[in-house]
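Chemist: Let me begin by handing over the structure; questions about it come next.
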């Protein structure tokens, strides 16, 4: 089988090689940060946590799995799931935040934007309350009358499970 980069052009009777230039164009763009640096913006509707700050790494929970972002990461757009965002500063310190949902965009110029529906630092959360909310939601799920109610309760369960995991 021929590689997908080779296509037969109708009417020409010969093979033509197609070339992807995206990587070259992305590399030619001016970086948002210096070489080996990553510009990070992280905000919720009520608060800005980082605004174009240079960081070493960001770990994010997404619908397709958790992953770490470093400078020169492949461009991507992902939907966040409830979980822990860990920001590794250039000085070696880490900051941990719980996010409920949102999106993360990784650009070719090593800039990253994380927009969260809700986000709080871990020290603002109470493990006991998260466990109590989880137990309450699990018991409510057993008595849910319709599919819509079950779906809403399941979302609460997933969020509280992620909270408990982040705090333990």
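Here the Cβ of each residue, glycine as well, is placed from N, Cα and C on the backbone.
The N6-acetyllysine annotation in Swiss-Prot covers 136, 165. What Swiss-Prot records for 136, 165 is N6-succinyllysine. What Swiss-Prot records for 1-22 is transit peptide, and it gives experimental evidence as the kind of evidence.
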Chemist: What is the separation, in Å, between the Cα atoms of residue 165 (N6-acetyllysine) and residue 136 (N6-acetyllysine)?
Modeler: 17
Chemist: With every protein chain in view, how many other Cβ atoms are within 10 Å of the Cβ of residue 136 (N6-acetyllysine)?
Modeler: 14
Chemist: Tell me whether residue 136 (N6-acetyllysine) sits in a helix, a strand or coil according to DSSP.
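Modeler: Helix, per DSSP.
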